[in-house]
Amino acid sequence: MPLSSEQLAEIDAQRAHTAPTRRVVSPGMESHLYRAHPVLDHGFVRVIDYMGDDAAICQAARVSYGTGTKSVQNDEGLIRYLMRHWHSTPFEMCELKLHVKLPVFVARQWIRHRTANVNEYSARYSILDREFYIPAPEHVAAQSAVNNQGRGEALQGEEAARVLEILKADSARCYDNYEAMIGQEGQQGLARELARMNLPANIYTQWYWKVDLHNLFHFLRLRADAHAQYEIRVYAETMCRLVADWVPFAYKAFEDYRLGAVNLSAQMVDSLRRMLAGEAVTQETSGLSAREWREFQDVIGR
């Protein structure tokens, strides 16, 4: 995570500034404000601002005038009830603003979550840095034989080295040509908005991303899942740690009822009940497709 001395000084200056407030403050999140949490080889996640805490969720749910009830146990129980029964608007009262540095191909997955406010670094106005995501050897993998969207076994030895060399060489060559097209001093050069088209998808971009807690939980449920692509999953895992410090009751409920939970179809529930009753249920008698049956077996640990 190469932050320049100027960037580090700016972060230190931001963290040194304090101000009196009547706003709700989350002590756990205050410790993360402005700090860069490294992700991948050049990326990071920074908390720029936040609004609300666990008590704000309860306040919204009760439409109360003050803080939630004085009983911490009651607040935690209410939050777990709201999460368990799929309530959304109380969680939307909390918001988080992040500064994220990430590869472009990760950003294209991320931006599919359309329930956030985003402002991205503009390559029309500025020249992008020479920073590319190059996966570690253990993450250079073949295509999965059973999942069109996933990876299989990691490539080994010379094959992995060959792929990594191609990635590094292509990235360097594309950036060299990008610089050459923009032009040197005394040359007119190509417009930045056109020169950027030649850059590869593993170059890093940056954005500010603001989202409410309900939609953030939806993002994390999908992107922190073991089936998510590694490169976006590590960002989601970093964000999970931040959210756990920000709203610990809400995050624990999210872990229990979303992240660590599973959804079973009506046929799966019926099959499970029959199994518990002692019946030998097979894929053919379950009413499930082969893929559904395989997923069901994974859930029940068979």
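Cβ from N, Cα, C; glycine included.
Feature motif 'ThyX motif', per Swiss-Prot, maps to range 112-122 of the set 13-23, 68-78, 112-122, 277-287. Site annotation (Swiss-Prot, ligand dUMP) includes Gln109, Trp110, Ile111, Arg112, Glu120, Tyr121, Ser122, Ala123, Arg124, Arg196; from Arg84, Arg221, Arg223, the additional listed residue is Arg223. It is 25 Å from the Cα atom of Arg223 (active site, involved in ionization of N3 of dUMP, leading to its activation) to that of Ser122 (dUMP binding site).
Its Cβ placed at the centre, Leu213 (FAD binding site) has 26 other Cβ atoms within 10 Å. Secondary structure counts, DSSP: the motif 'ThyX motif' (112-122) has 0 helix, 4 strand, 7 coil.
For Arg124 (dUMP binding site), applying a Cβ distance below 8 Å and a minimum sequence separation of six or more within one chain yields Arg192, Glu193, Arg196. Spanning the residues Thr89, Arg112, His113, Arg114, Glu120, Asp212, Leu213, His214, His218 that the record associates with binding FAD, the maximal Cα-Cα distance equals 27 Å.
With the fewest other Cβ atoms inside 10 Å of its Cβ, the least crowded of the binding-site residues Thr89, Gln109 in this structure is Thr89. Within 10 Å of the C-beta of Arg223 (active site, involved in ionization of N3 of dUMP, leading to its activation) we count 21 further C-beta atoms, all protein chains included.
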